[in-house]
Amino acid sequence: MTGEHQTLALLLFSAFVAVTLAITTWVSRNRRGSAEEFYAGGRLFTPIENGFAIAGDYLSAASFLGVTGLIALFGYDGLLYVVGFLVAWLVVLFLVAELVRNCGRFTLADVVAARMRERPVRIAAGTSSVTVSVLYLVAQMVGAGSLVALLLGGTSEVASAWTVIGVGALTVIYVSLGGMRATTWIQIVKAVLLLGGTIALTVLVLVRFHGDLDRLLLTAAERSGHGEAFLAPGLKYGGDWTARFDFISLGLALVLGTAGLPHILSRFYTVPTARAARRSVVWAVGLIGGFYLMTIVLGFGAAAVLGPDAVRGSNTAGNTAVPLLALDLGGGAGSTGGTVLFAIVAAIAFATILAVVAGITLASSASVAHDLYASLRRRGKPHSEVAVARVAAVGVGVVAIALGLLARDLNVAFLVGLAFAVAASANLPVLLYSLFWRGFTTRGAVWSVYGGLVPAVVLVVLSPVVSGSPDSLFPGVDLQYFPLQNPGLVSIPLGFLAGWLGTVTAAEVPDEAKHAETEVRSLTGAGAA
Amino acid sequence: MQSSKGRPEPAQDAGNPRYDDPWYDALASGWGESAGAGESPPGVMPPTRREGGAGSAAADVYLEVQRSTAFQEVRRRYRRFVAPAFVAFFAWYVGYVVAATTAPELMAHPVAGSVNVAMVAGLGQFATTFLLTWAYARHARLRRDRAALELRWDTQELTRGMNGGAS
């Protein structure tokens, strides 16, 4: 890539950073430093604002870079990801959004702890939330790294490493200085930029094919070298039965994981009522659905315009398909249009990553301070809890940077699939049981968190992702005892099973009054924070 | 609001809640869909509760609200929409995923031009998601919101009375 690309992309990105830092400063003036303010932004965002912010939080590098890359490389099998990502919102809307808004204050653990003995439940739910967040963060960091590698020519490992560090550091500044209020506005700005950029690219792809989607698909199929098979499922997941079960596993994880993602749950606390939470999800479904429809066009567009070889040549996992597509659509390498479009898309991708990283860092610092720290050390006042959250943001940032540097050759969408699997196994069962099961007990809650979390993490460690195959994180070691890359098919049922088992074996009598309180509060909003 | 419900209607609906919650107004007046007399659930609390014992705990209030017909009506409406809708979209999604992995020949069957069954099914998932989102929001807005809001104020009034009006 030429120097012009770099300069322009860097300029645009610096502008984004400057704007967001200004937002951070602006919104944190007159800040009272209360927990309400830091974790939930004062709870006064409107549904539209929160809808855009949810879209900003959810549409990560995995969606923008990862999914389009997968579609460009594997055709229809990449499209299966976006279907799962979108349908998942029905689970959130039906079962989680309003009820969680009514019952909780800042985190997932609030909802569960309201019915149970607080300490063990908070420690369990806090641990699983932090684990999910860190996995998700790694995916974003890998996205940042591959983007920079593309921008600077692929060979500069040092630059790539420094980008990951820079993204981490900026995030920590946003989160610890601005809290939820700044983070939300950054999500909104980012969502608008991302949707704008995606619309522009989609229009350019459609113009290139004269609005003929049929020809776009046929060209993509032809250039892929797979012919018609490119437009049908099976290229990536259609081989042996291991691959097929792997896909079913991923599909389950995607559709059930969203409702357990801590940074998505925390978004519902930023609006005043359950009704506002519902309306923000409706907005988010519209924005997210529209975005994913466009990524399908972009993915097949990248296959048709660039061909899978060019995509794979730049990044084996396909993470750079969209920026390359922008370069070509703008007029090709060396042209002004190509340079400008490429730089814009690269800057948007950076902004995307930065905003998502900020959202997750905030959610996990809330889990650390509000759940773990508050349970393990009892004498903190609300103000000191916010101070802990700020420090936790730094800690989470450092861990994410370190892991992001390690995992740089994996597809971003795939990594996010792992985070979804852990969320669906560890967070969703306990959340649903707490909201809907009268007889659920403390032991059941603790067992269901660990009963989903431990298998999910252990199965990932024993899977081909970590060792035992040429594409693994540690190709030289062989610890592979579990055939599937995604653990969801096994670990999600285990999470539900463990919660049930813990409940029926507990001597503890379920507290009927606490259940009544949770049920009444969740459906009416009485006593909501 | 709905004073037709044959229960004592203290000043709570008009005064205190508005003070507590600025969103109350927007909801009560802004959307204009009347729940309709036929839909409005029956009375919430036995009147005796209002003078309720000073010694009653918050737990009793929630248990009582939970047993009230008004609450059970709200819960029933919620569950009767969510349960079948959840089963339907989840089965449709799992069916889609399983079909994509186990029956690729079926999915590759052409429909029109380059569009095959798989493409139609994928876009169908988008369509059903949008449709169910709309249907859920509409159902909640028309069938649950008003009743839930009234229960909210009733419940808060009761728990407040219990604290001797302190909060």
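Glycine is treated like the rest: Cβ placed from N, Cα and C.
Taking Cβ pairs closer than 8 Å, the transmembrane segment (A:6-27) reaches residues 151-152, 170, 173-174, 177-178, 181-182, 185-186, 189, 193, 339-340, 342-344, 346-347, 350-351, 354 in its own chain, all 6 or more past its ends. As annotated by TrEMBL, transmembrane segment applies to A:6-27 (among others).
Among residues of the same chain six or more beyond the transmembrane segment (A:79-100), those with a C-beta under 8 A of the stretch's C-beta atoms are 58, 63, 66-67, 70-71, 108, 111, 233, 237, 247, 250-251, 254-259, 264-265, 268, 274-275, 277-278, 280-282, 284-285, 288-289, 292, 295-296, 299, 413, 417, 431-432, 435, 522-523. Taken from TrEMBL, the feature transmembrane segment covers A:79-100 (among others).
The feature transmembrane segment is assigned by TrEMBL to A:121-139 (among others). Listed as Cβ neighbours of the transmembrane segment (A:121-139) (distance under 8 Å, sequence separation of 6 or more from its ends, same chain) are residues 60-62, 66, 107-109, 112-113, 260-263, 357, 360-361, 363-364, 367-368, 370-372, 374-376, 396, 399-400, 403-404, 407, 412, 415-416, 418-419, 422-423, 426-427, 430, 442, 445-446, 449-450, 452-453, 457.
Taken from TrEMBL, the feature transmembrane segment covers A:159-177 (among others).
Sequence-remote contacts of a segment are chain residues at least 6 beyond its ends whose Cβ falls under 8 Å from one of its Cβ atoms, and for the transmembrane segment (A:189-209) they are 16, 19-20, 23, 52-53, 55-56, 59, 64, 215-216, 219, 287, 290-291, 294-295, 297-298, 301, 304-305, 322, 325-326, 329-330, 341, 344-345, 348, 351-352, 354-355. Sequence annotations record features per position, and here TrEMBL assigns transmembrane segment to A:189-209 (among others).
Look at TrEMBL and you will find A:247-269 (among others) tagged as transmembrane segment.
Annotation source TrEMBL lists transmembrane segment at A:281-306 (among others).
The feature transmembrane segment is assigned by TrEMBL to A:340-366 (among others). With a threshold of 8 Å between CB atoms, the same-chain residues lying at least 6 positions outside the transmembrane segment (A:340-366) that come near it are 1, 5, 8-9, 11-13, 15-17, 20, 39, 56-57, 59-61, 64-65, 106-107, 129-130, 133-134, 136-137, 140-141, 143-144, 147, 150-151, 167-168, 170-172, 174-176, 179-180, 183, 186-187, 189-190, 193-194, 197, 201, 204, 262-263, 265-267, 322-323, 326-327, 329-330, 389-390, 392-393, 396-397, 400.
Look at TrEMBL and you will find A:387-406 (among others) tagged as transmembrane segment. Panel annotation: around the transmembrane segment (A:387-406), residues 38-39, 130, 133-134, 137-138, 140-142, 144-145, 161, 164-165, 168-169, 171-172, 175-176, 357, 361-362, 364-366, 368-370, 373, 380, 473 of the same chain, lying at least six beyond its termini, place a Cβ under 8 Å from a Cβ of the stretch.
Positions annotated as transmembrane segment by TrEMBL: A:412-433 (among others).
Among the features that TrEMBL reports, transmembrane segment is placed at A:445-467 (among others).
Residues annotated as transmembrane segment in TrEMBL: A:487-507 (among others).
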So which residues does the transmembrane segment (A:412-433) touch in its own chain, when a touch means Cβ under 8 Å and the partner is 6 or more beyond its ends?
60-63, 65-67, 69-70, 78, 81, 95-96, 100, 108, 111-112, 124-125, 128-129, 131-132, 135-136, 138-140, 142-143, 146, 249-250, 252-254, 256-262, 317, 319, 440, 444-445, 448-450, 452-453, 455-457, 460, 465, 485-488, 491-492, 494-496, 498-499, 503
